[in-house]
């Protein structure tokens, strides 16, 4: 990092943290007590603060990573500054832990952008800082910086694990992946993603060698999407059934293999991936979650994905490959027909954006969910088009992890999209400065509207005196 870039980075990070602290103070004044899921998380963390590590609220469905991390920060701080009484592990103090995680996420996002795009000399330091700031302000993540939820910490450890993986520190990466798993069990998917990065790199090297050999030997082969897919599939099978290759890959990825084995051991002993209350967190094959994620990504990345040039390219692609798109359309319609699930929370809780999205869009008519298929097609095409600079094996890896992270979820919840979105956004090519500024401006507006609604547009349910607030 050059000196000017270093100064710019620390100025941006310090400024963002200061503004977040001011907003944090405003949120804490308006909502002093635990709200929503904080009603479970805060008392559990306070029990840990009192040393009651065997006490557990059966309504909590995640592992105790958040509470252990909180005690590990708050207790030494209380000893150092002489804090006593109710201020130690108070709701405000516990929420502040996530503000620290948010600052850490800013730093990690910057380092990841630097590492992933280090070969692109056209990217300036200012653009890297701006992108890191923008992704830190990503609305669905940024909102939960100010409440005591698992999301900022889960993102922190997962991004840290990804960074260590890219630098080849796989034992450290696996350990950080374990920390992420302790915050949210589904983060094991992104540990597999880290291991898959190593595998994809080796596969890509072997694939390039094979293509070069064919070129040198002047072996002709048929071209086309289907024939290319068959050739890649044959190569994958040949490579992965080789004992020598398997031994090499296992030697490189053994820390991740150990962690995945621990995960399966946990699932076997626990009787499932969810701890505590499982009645509202049943796994299912909810394939339309992929379509919702693609639409979510286009919405929050519209300066990059929703452009006139991309729309023209998509229409040209439709005209060139009508059979393939017709087949994809039929499959999409079938998946929507047979695999659409509506969680009871989605219909009952009017404090979340998803409630209004479902009611205002999907519940307008039974056919709406099918009419949206062309939108999903464009979203999917634009999404994939931005990843064309990555290797085919990296794309396959990411797509498999994306399916594993989204499809089993019955509830439409935007928080589940945070990590797949961030990893996608980190890996697409750097946009122009204008598009980056547009993206940042859009995030600021969305955040401003969300916090205004949360703080000022309160309401009450019938037969309840408790104040309700709108949130993600």
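Placed from the backbone N, Cα and C atoms, the Cβ positions cover glycine too.
Any TrEMBL annotation is an automated prediction that lacks curation.
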Pick from 222-245, 246-269: which range has transmembrane segment per TrEMBL?
246-269
Look at every Cβ pair spanning the transmembrane segment (391-408) and the transmembrane segment (289-306), keep those 6 or more apart in sequence, and say whether at least 3 of them are under 8 Å.
yes
Of the listed stretches 6-27, 93-114, 246-269, 327-347, which one has the most C-beta pairs under 8 A with the transmembrane segment (437-455)?
6-27
Closest-packing stretch to the transmembrane segment (60-81), where packing means Cβ pairs under 8 Å, from 6-27, 93-114, 126-149, 289-306:
93-114
